[in-house]
């Protein structure tokens, strides 16, 4: 039996796979649609490692020094997090002041590790990157991890002091993980934004608790290197199966999939636990398979990579505007920036702070004070002090839940349009037909015959904030329209909306769908929507013009394929029309000015009335 702690290099390989999944999910959300599952893989590793180390400490000393453990965790995690928050706060203060709102809340909730609940409380959607371009969205996971770092060691000490046997302790952690997964399934509501379930501590702790259970059941220092060939083959096959299952999930399991919340994420965590177990075993080959210079390099920097990937994407894509022009070039630049920043974080912050003897800090500070003013150790502090000062200024002067005039005007307009859209649901489908006028026909480039047909037509429109902004113009052309649109709406809620309209007998035989501004489509959600609509209704799909978001091309290609697949679907190519009229759009290059609203309605009407 080996009682000395063994550094398992293969875990860096697992971290590499996990962090690459997360990055490519954010860069290619329609291709690596399950890359976010790198987070539960991280959680399993973390749960295994901390409990495995604490278990070894108990075996050696019959006690666990909790204060020393917490200090080690803070020493490992805090410096890089502080560096990220300071740099981002400085950048926002100087260059992207539209993100200043609630900066103080973000910083303090991140430092105190309750950012996940801060985001939930402030109704920030993890899944809506268009209306919530928050560079700190990803920090929810650090809070879930830190909260478990607080609880798991205390529970372990308690179990040991109560004399619980190894199998019973492992079983308790396993039951806790099952309870967490069941809670996720209970809390999840199909058709509703799942952020509260996705970010919640108890609904996301199952991965770490699985790792904790594994650490008791499969202790790294009790595993024998000498095992039978049959056992070695079995372990290696289990490792390959788990690795392939995780990679497959990265490509197939959408974050909007109902299956994910009804056990899918737990199954992925189980595969991650199998991969961790096989990699930890010295008798298997997986530690060697997952140990190479590239994996070792990325794995050691995975924390910094995870910290910087999302802010860099948000800041860079806000500066570039049309990210879809030379998308691959922009993607390579973003990856390069992430690697540079994570390397700087590792070299200048993480590695030095991890090795630093903080008991020497008072002595070192006195020595630093006595240095000449022009000494390089003092000179290098000048730019650092300026960056800190700018960050602190931004943090402490940032408004909380405050809206500027443009935001207030936008929200007032949305509220007015929402009221007008809701009023369309009170129609009985027998609005008095207006006489076609040259003025309206000319305004929307319609013939008198087309306008008369439009005014007699019963039509239902379902969309997001782009469509919502055109409600008055839609009513002018289609007086019998039932328009159900909302800010931030995505495809996963379409089935619920359609069923509600059907129940109220407001779903016409002609339906126009305008979704996709806020995120990617999934085939499962699309099939659910079409099943709710039925095959006898005529459906018009409006594709998207959202040049600031990288999912524009993915959404439009998907809609084109669905229009070919379903006989009752016609595609309205809004993208092709919109790109020729840049003067139609607001500053965000997606929402419409007055002339754009007219152009949008005219284009929809011309396609529907063909």
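Residue numbers in this text run from 1 along the chain shown.
Cβ from N, Cα, C; glycine included.
Unlike curated entries, TrEMBL annotations are predicted automatically.
Quick look at what TrEMBL lists:
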| type | residues | note |
| --- | --- | --- |
| DOMAIN | 9-340 | domain 'Acyltransferase 3' |
| TRANSMEM | 7-28 | transmembrane segment |
| TRANSMEM | 34-55 | transmembrane segment |
| TRANSMEM | 76-94 | transmembrane segment |
| TRANSMEM | 146-162 | transmembrane segment |
| TRANSMEM | 169-186 | transmembrane segment |
| TRANSMEM | 206-223 | transmembrane segment |
| TRANSMEM | 235-253 | transmembrane segment |
| TRANSMEM | 259-282 | transmembrane segment |
| TRANSMEM | 303-321 | transmembrane segment |
| TRANSMEM | 327-346 | transmembrane segment |
| TRANSMEM | 380-398 | transmembrane segment |
Reported mean pLDDT - the domain 'Acyltransferase 3' (9-340): 94
Result, the transmembrane segment (303-321) in contact with the transmembrane segment (259-282) (3+ CB pairs under 8 Å): no
Feature contact check the transmembrane segment (235-253) with the transmembrane segment (34-55), CB under 8 Å, 3 or more pairs: yes
When counting Cβ pairs under 8 Å to the transmembrane segment (327-346), the leader among 76-94, 146-162, 169-186, 235-253: 76-94
Contact set, same chain, for the transmembrane segment (235-253): CB under 8 Å, 6 or more residues outside the stretch: 17, 21, 24-25, 31-35, 37-38, 41, 227, 259-260, 264, 268, 271-272, 274-275, 277-279, 281, 283-286, 289
Non-local residues, at least 6 beyond the ends, that sit with Cβ under 8 Å of the transmembrane segment (76-94): 100, 103, 107, 110-111, 135-136, 142, 146, 303-304, 307-308, 311, 315, 345, 349-350, 353-354, 387-388, 390-395
